[in-house]
Each structure stands twice: as structure tokens, then as C-alpha cells.
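**Q** What follows is a structure written as C-alpha cells; I'll ask about it next.
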Amino acid sequence: MKREHKLEHEDMSSGSGKSGVCWEDDGGGMDELLAVVGYKVKSSDMAEVAQKLEQLEQAMMGNNFHDHDESTIAQHLSNDTVHYNPSDISNWLQTMLSNFDPQPNNPSVNSDDNDLNAIPGKAIYAADEFTSRKRVKRNESVTVTTESTTTRPIMVVETQEKGIRLVHSLMACAEAVEQNNLKMAEALVKQIGYLAVSQEGAMRKVATYFAEGLARRIYGVFPQHSVSDSLQIHFYETCPNLKFAHFTANQAILEAFQGKSSVHVIDFSINQGMQWPALMQALALRPGGPPAFRLTGIGPPASDNSDHLQQVGWRLAQFAQTIHVQFEYRGFVANSLADLDASMLELRSPETESVAVNSVFELHKLNARPGALEKVFSVIRQIRPEIVTVVEQEANHNGPAFLDRFTESLHYYSTLFDSLEGSSVEPQDKAMSEVYLGKQICNVVACEGTDRVERHETLNQWRNRFNSAGFSPVHLGSNAFKQASMLLALFAGGDGYKVEENDGCLMLGWHTRPLIATSAWKLAAANSVVVSH
């Protein structure tokens, strides 16, 4: 815990088989990089191969999508005119992975080409050198022909086939990483870069971020886990995920505060405070007038050492003043929620003030440190809130096996990138949202130990954790379901988004894949005894 800020205002706010087509070798020395994806090429020929791959990459106009400069990314996306059913990528990926057998073939660093797991493909390469005259046609497939005075073979590189090989290469690289076969993993991650340039839209971007995560893990260059507020704001504007999270949590809190004259929200994830103006507005419209509203906002230190929590408080206070809500605010800077202690929160008796605890995309980070989540559960029990609202990603990225985590995250983030492609938003917002998600991908793939904080778990896993910690579920009513559905109807490009009720919880999904889940909890009867402070 580093510091706190307090602000009060009386009236204020806020294949497995080898490919049948290969380049023959007349003398040993196969190159591992191409052999691993089904081709036999002599090391002495690699200069020619590299030249041809570079020519092919240029012909396909592939761009490595990972420039964090906003104007560059926005310009790139504004020129991307690919249109498709946005559900196709994730469904196609599901099919590809279901046909992929990740069982190890016992590769080792010293394996020869016969030990490598070949990835099936049907790209046919001309045996002779490229001539200077070529024709390239961009369509569902790319056809390149060479012209000369003699008849030459035709090189056909189908985008779909390269997409299949891309997915298989990603999986094979992850398997090599899990087996600590870094030589093969390095070869594969380079091949992924070549294959990604042939893809369009979401698949290229997803593959690029996963390739970055794999490369960082292989070479030991680990990313810093720091997501700027500006990236999150772009994500908020681009897709309904955070809007859904805030709306459903606020609805549960509003119902829990019904008839209360003084209320206190403890927000474990204050960020820019974007969640709370809507709740204060709803409280202001309550029959009989609004209650006194106290907000405690908890957040990490700012990367620029600015007093950002105080700034959030002032903005909320100004809003509260315009709607005539009595407002009090305190901000706590904490490196981890596990640093919290109930005595810091200036809790008042339940007879005079009702408390709600809110956490949006925060609790999963505690899984990185043994005992941290249990410590926070203990603090919540001491707070004795009327309700605890929790929003988390609906994914399991916290398993012990790297390959399982990689596969699950590839499915999950492919769906998220699909949803971004399907939205009608400003290119800059979409580009920055992709960077926001890309940072998560790199953390899931590249990091381990306490550095791996994106340890998402499913709703069922969180149910087990809360039940074991002495909490019982609070069902989110049909009213919240209907209003959340209306929210999506108002969101541009929201046709692919779905709201589902799951045993009293609400899930937001893209087509058939759930993305996030909102749940609400209260102390079980046995844990409702009064604790003096």
C-alpha cells in the first residue's frame, strides 16, 4: 500500500504425415525450419528460399501488425477492406484444432528431419528460380505463374492451406515449448511469421500476437504487465464487454441498495471511474431522493507517477454535484489487492451504511501469488457487504499445462478479435483495443510465476472458490437480463453478441462462445455474524 486520497463533498460526484510434395535433396543437410512443416530443403539452398519467401511476402502485401503508434495502426486498419462473416475465424479455428493431434513424437534438440512432426500442406513450388516477370492475383487463393520461353511448373499457394498450416505451426511451436525443445520452437516461430502474412483480418493479428508471446518465451524477453488507461478506454469504446460488465454489476448493486439512506461502494478496480456515473444517476432518480454515496477506489500506481486516483475523484465529485448527490470519495493506491486491510476502509456500522464490493477483471490476478485470493476473501468477510459483484473473463488460462493454456487462449482471443472485426467503430479505437488484448496474450503465453497475472478462470471455477470461502450466490434477476440485452441492441455491430443466463449469473458471448461472466455474492448465513472494528 503506497498512499491514499480522500475527497468529500456535500453535494457532489463521477499430421501428421509428410507432405507428398517436396524439394528433393541430393545430399543431406536438410533445413529444419522447412522440414518441420513438411518440406525437405538443403541448407545450401536457403538463400534462394529466403529470397522467394520475401518475394511472396511482398506480393501478398503482408504487414506485421504490432506497431503501437496510434496513427500508423489506424492508417493500416483503414486500408483493410476485408469483409467476411466474423464468426468464421473462430469456427474455422475450432475445426482446425479438433483435427490436430498434439501428442508428442518425442522430438529433441538433436533430432534429424525424420524426427520432426511434419504439418500437411499442398503448396506447390516451382523447382526453378523465379524470373523477373510475375503475375499475382489476390482472391480466395493466390496464384503466381512464371513466364519464360520454356514451359515451367506453376506455383499455387492457397490462402486457406496456409491458414491451416499457420494454426498447426502455432500448436506445434507451443508443444515444442512445453517439451523445452527450444531449437524446434525457434524454427517454428519464424515459420509462423512467414505464414501469418498470407492471412487477412483477425487471423493475421491473432497469429502475430501469439507469435510474439512465443518468441518472448523462447528468447526470455518478457513483457511488462502495464496496461495504460488510454488502451482500456479505447477497449471500452470499441466493444460492449466493459459496458456489459459495468451495467450488470450496477444493476445488482442498485437492487441491493434499495431503501438505504447511506451507501458505500468499495471498488477493487476503479481505473478511470467509468462505472459509477450511471449508478449515481440511477440513485439520483430513486423515489424519495438519493442516498448519501461514498466511494472507495483502489488502483495500482500510475506508470507516470501521477495522482490519477485523486483526478478520478474530482471528476466524479463534479458529476455528483450536477445531479445533487451527496458524495464522498477516498482513493487507495495498492500494488495488489492482497495489501488491503479492512481497518483502512473506515467502515461504519451496518445500521448506518450499506456496503457493496465490486471487482471487474481483477480477482484473477490474485491467482499469481499463493494465498493472495484467500487474504482478499478474508477482508471481504470482515467488510460484511450487502453484495459482492464480480466480472471475470469466461476462460481457463490458469491450468498447470502450458499447451492446454495456449490452446484455450488461442480459441478465446480468436473469438475476441472476431468480435472486434465485426464492430463498426473508428479504426484507431479498434487498433488500440487490439493492442490492449495483445498485451494480455503476451502475458498468458510468455510469462510464468508471479509475472503471469492474466490467470483467467471460468464461472464454475469462481463459483467453487466463492462457495468454499463462505459466500452464497445472489441471482441476477430477469430485469437485468432484459436490460443487458437492450444495451447490446443499442451497441453498433452488436448482432453477433448474445446475453445468456447461467444459473443466476449473466454471460456475454460472441455468437456461440461466452466471453465474460457477471456473478453476485453475499455472505453465507454462517458468516454473517457482526465483526467489531
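The backbone N, Cα and C atoms fix where each Cβ goes, glycine too.
Pulled these features from Swiss-Prot for this protein:
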type     : residues : note
COMPBIAS : 1-12     : compositional bias 'Basic and acidic residues'
DOMAIN   : 157-522  : domain 'GRAS'
REGION   : 1-24     : region 'Disordered'
REGION   : 164-218  : region 'Leucine repeat I (LRI)'
REGION   : 166-203  : region 'Required for possible homodimerization'
REGION   : 232-297  : region 'VHIID'
REGION   : 311-343  : region 'Leucine repeat II (LRII)'
REGION   : 355-443  : region 'PFYRE'
REGION   : 446-522  : region 'SAW'
MOTIF    : 171-175  : motif 'LxCxE motif'
MOTIF    : 363-367  : motif 'LXXLL motif'
**Q** Would you list the DSSP helix, strand and coil counts for the residues of the motif 'LxCxE motif' (171-175)?
**A** 5 helix, 0 strand, 0 coil
**Q** For the region 'Leucine repeat I (LRI)' (164-218), what does DSSP give as the number of helix, strand and coil residues?
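**A** Residue counts for the region 'Leucine repeat I (LRI)' (164-218) by secondary structure: 48 helix, 0 strand, 7 coil.
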**Q** Take the region 'PFYRE' (355-443) and count its residues per DSSP category (helix H/G/I, strand E/B, coil), listing them in that order.
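**A** When I sort the residues of the region 'PFYRE' (355-443) into the three classes, I find 55 helix, 13 strand, 21 coil.
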**Q** When DSSP states are grouped into helix, strand and coil, how many residues of the region 'VHIID' (232-297) land in each?
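**A** Residue counts in helix, strand and coil order: 32 helix, 12 strand, 22 coil.
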